[in-house]
Amino acid sequence: LQEVEKSQKSLLDQQEERIHLLEMERRRLHNDIQELKGNIRVFCRVRPVLPEESERQRGLQHLHFSPQDPKALVLTRPDESHVGRERRPELRYDFSFDRVFPPGASQQEIFQEIQLLVQSALDGFPVCILTYGQTGSGKTFTMEGPEPAGSPESRGMIPRAVRHLFQSTHDLAGKGWQYRFSASFLEIYNESLRDLLLGKGQRQPDLDIRRVSPGSDELHVPNLTWVPVETEEQVLELLQRAGSQRSVARTGLNDRSSRSHCVFQLRIRGEQQARDLHCASSLTLVDLAGSERLEKSGSVGNRLRETQSINSSLSTLGLVITALCNKEQHIPYRNSKLTFLLQNCLGGNAK
């Protein structure tokens, strides 16, 4: 019996070693695939026409989706001569993205495209997903889902990403990995940071972006609230708490326009004690404030200053992404609080 037990233990050790090597190989291959797809990707989602827009819009005849090419989007418009009599063929604008989602695309279809990126966060890589577009284009719906929390089918990318992470940790627990998660919510309003998870009556602290240590490139926000999370329901509660404190206002383009960039961040800490292995990463999901044209939004006073701040930070984000794509030596992260805050999850080996 002792000989059998010794043999079984040896076999078990060999199998555990094989499982570990296969898991490390899976992580390497998964990362290779993601890098081949591109560490920076752009998806285009077209929202449906809203009921109040149907009279003046009459559908989406100017948008054309190719059933053969899910990466192509064509915009057309009639080309009228200055005289108004001459009829010319309509103008055509061809766009190409990493993926195009037509108005009928569900929240689940969107998440399937970013699910592998979420897996990269669990594997130890910083991941950042941003929704960008004009005010009223559906960014908050995509990220969070309807408010208050609607049906499971309509839930946004944040609760879906968290659910995927929690489910994946159960599988990895069988391979000896244990994970801890903590979440924060903040908004960047007029170039100042605001904690969205403070309890009622708590005084808003002065928040700023600091280096973790003098010799480190890693950034953090001292005094920011971090809440340990273990379930999707806990994250939905945080979403509701943060949403009730976010800066919104009525503009000429949107009855409830987000006037700030909302940044949800999930810290991920993993360890495998038997082999003394550790990994640390972050998943950052950003609901950017909507861009606006001043002449259309009718912004004045505080709304005008908000719009100018929003457009300026979005322009800086565009410059940073362009510099990263071109592999330039200088990346202008410090030109806005938004890009400075996201520096760790935009550059380096981030996705």
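Each residue, glycine too, has its Cβ placed from N, Cα and C.
Where the annotation comes from TrEMBL, it is an automatic prediction and has not been curated.
TrEMBL assigns the feature coiled coil to one of the listed ranges (12-39, 68-95), namely 12-39. Around Gly133 (ATP binding site), the same-chain residues at least 6 positions away in sequence with a Cβ under 8 Å from its Cβ are Lys139, Leu288, Gly290, Ser291.
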